[in-house]
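Per Swiss-Prot, these features apply:
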type: ACT_SITE; residues: Asp70; note: active site, proton acceptor
type: SITE; residues: Phe13; note: site 'Important for substrate specificity'
type: SITE; residues: Gln71; note: site 'Important for substrate specificity'
type: SITE; residues: Glu155; note: site 'Important for substrate specificity'
Amino acid sequence: MTPQLILASTSVFRQALLQKLGLAFGSCNPDIDESPMTNESAQDLVLRLAKAKAKAGATHFPHGLIIGSDQVAVIDGKIIGKPLNRENAIKQLSQASGKVITFYTGLALYDAKTGEVTAQVEPFTVHFRQLTAAQIVAYVDKEQPFYCAGSFKSEGLGIALFTRLEGRDPNTLIGLPLILLTEMLLNHGIDVLAD
């Protein structure tokens, strides 16, 4: 019997991405402390948090196959996450203007029944165009990207902020690397292309 697939996230963006695969799934709020540890790298942080989110979902779904994901960006060597408000979003985009920024998305798949966890970090690089203060304010006011790492929604108007995108899977930038996820699911006997 195939275990129940669970997305340990309340993100509407991640839920919409997972729906693209046409699989039945549930979701839950992982409710974990997302604070970085002292001197923790961006890659280690997102990997740890993705695993923690997936494992937290097992509390509600002890026989589930649980997906956890986390994303941060690195600007000038500093880890940034969700801005949470207008002022921080404007600040983040001002810092990113004209720069090349790497986003790191951690993805974990946890089999709550066996305790097996598979996890990996998927990088994605974004080349920001040189933005004026007026463009940044206008963008933030239009899309209000307060709950998106890096303060933009690449699936919407945010695409106008960039000159180039580099990575294996554009879904990674939205928060859920679907190519990597389909590979992980296949290793658990779930083929998204099967009838």
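Placed from the backbone N, Cα and C atoms, the Cβ positions cover glycine too.
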Nearest-integer angstrom distance between the alpha carbons (Cα) of Glu155 (site 'Important for substrate specificity') and the residue listed as 'active site, proton acceptor'
18
Rounded to the nearest Å, what's the C-alpha distance separating Gln71 (site 'Important for substrate specificity') and Phe13 (site 'Important for substrate specificity')? Just drop the number here, would you?
12
Tally every other Cβ atom lying within 10 Å of the Cβ atom of Gln71 (site 'Important for substrate specificity').
29
Rounded to a whole number of Å, the separation of the Cα atoms of Phe13 (site 'Important for substrate specificity') and the residue listed as 'active site, proton acceptor' comes to 12
Using a 10 angstroms cut-off on Cβ to Cβ distances, just flag whichever of Asp70, Glu155 is the loneliest among these recorded positions.
Glu155
DSSP output for the residue listed as 'active site, proton acceptor' maps to strand
